[in-house]
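S.K.: The following block contains the structure, expressed as structure tokens.
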Amino acid sequence: MYKAFLIKYAEIGLKGKNRHIFENALKDQIRFNLNKLGNFEVSREQGRVFVECPDDFDYDETVAALQRVFGITGISPVIVINSTDWEDIKQEVGDYVEKFYGRKPFTFKVEAKRGNKQYPIQSPEICSKMGAYLLDRFPELSVDVHTPQEYITVEVRNKAYVYSNTLKGPGGMPVGTGGKAMLLLSGGIDSPVAGYMISKRGVTIEATYFHAPPYTSERAKQKVVDLAKIISAYTGPIKLHVVNFTDIQLYIYEKCPHEELTIIMRRYMMKIAESIANRSKCLGLITGESIGQVASQTMQSLAATNAVCTMPVYRPLIGMDKQEIIDISERIGTFETSVLPFEDCCTIFVAKHPVTRPILSVIEKNELNLSEKIDELVKTALETREVITVK
């Protein structure tokens, strides 16, 4: 039975003198994800992270938890051989093959990695010796070095490890290594995926949600909390800022041309989100927009929205088709929650014919109709926001 996992990573291994920072962040995230499942030992050795499991661990739960750790590219369940004696290694590898494959015929290739450079047998020799031993012990097997049905890998370090299967990890970079940003989170399909995608690059996220009671219900708010909880399985705890946007929305509806409602409301959402982001020491805003998907996501509309911000706005989905976004949302588990029929404030007061090519100077001129009252409403919205830690 497997008692350990060998964790592989790619990009982290290309780092220079600060590589240990990324490796330690990866170890910390692995520990965090596994902590509630039992007492796992996580260690780092020569370009690998090893996870040693308690006797009563659940294999499927452990794999699922590891597959939610950004930075991991591969997860190999391994048999640990508490010896580097060649005869012991041969015997254990043979027993492994017999236990997991029985006596059925298949083609194989032995691969070897010699992390312990003091070990007297070099990697090519390990491969040839082990292949010969397995052919002698299991005559029904045959070697195919080009297209084998199975790869049998032996790694020799302070101990020896054998494995033949590598499960795919999510890739990316460990959360916390890429700064912090503020996600504009709604109850739709796109923004949760944007949060997932930016976190995959190592960015820690907080989130801002614009609530508009009584036009949006408590169930709509709970839907967003639920989405944040799903994302937090990948990102770690998320601080969710819930902003009451009702009075601002009604005032804009009263004072501004209706075809510009969406753009102007989006501009004020960005202003508020940026203010919260600055207070939280974030380095940018994250949105789930992709070019041309709706009227507020044309290049002209995005430029008009961006114009109110001084910090960078990152849009991880900008060049993706809707189906690509849906596919990711289904894979990460947010889709079924996103399609629940509770309206966001973005879907209320939508104009029949919204402007798709807004002219910034015109938008700014029409915003003058809002006078100083809008600043008071924004201040109140910021001061009365609710902060929820979701995990």
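Every residue gets a Cβ built from N, Cα and C, even glycine.
Pulled these from Swiss-Prot:
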DOMAIN    60-167  domain 'THUMP'
BINDING   Leu184, Leu185, Tyr209, Phe210, Arg266, Gly288, Gln297  ATP binding site
S.K.: Within 10 Å of the Cβ of Leu184 (ATP binding site), how many other Cβ atoms are there?
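M.R.: The answer is 24 other Cβ atoms.
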S.K.: Within its own chain, what residues at least 6 apart in sequence put their Cβ under 8 Å from the Cβ of Tyr209 (ATP binding site), listed in sequence order?
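M.R.: Tyr209 (ATP binding site) has long-range Cβ partners Leu185, Ser186, Lys221, Val224, Leu240, His241, Val242, Val243.
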S.K.: Just to be sure I understand, if DSSP states are collapsed into helix, strand and coil, how many residues of the domain 'THUMP' (60-167) fall in each?
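M.R.: Residue counts for the domain 'THUMP' (60-167) by secondary structure: 38 helix, 30 strand, 40 coil.
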S.K.: Within 10 Å of the Cβ of Phe210 (ATP binding site), how many other Cβ atoms can be counted across all chains shown?
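M.R.: Around the Cβ of Phe210 (ATP binding site), 27 other Cβ atoms lie within 10 Å.
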S.K.: With the ATP site defined by the record as Leu184, Leu185, Tyr209, Phe210, Arg266, Gly288, Gln297, how many Å span the farthest pair of C-alpha atoms?
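M.R.: If we measure all Cα pairs in Leu184, Leu185, Tyr209, Phe210, Arg266, Gly288, Gln297, the largest is 19 Å.
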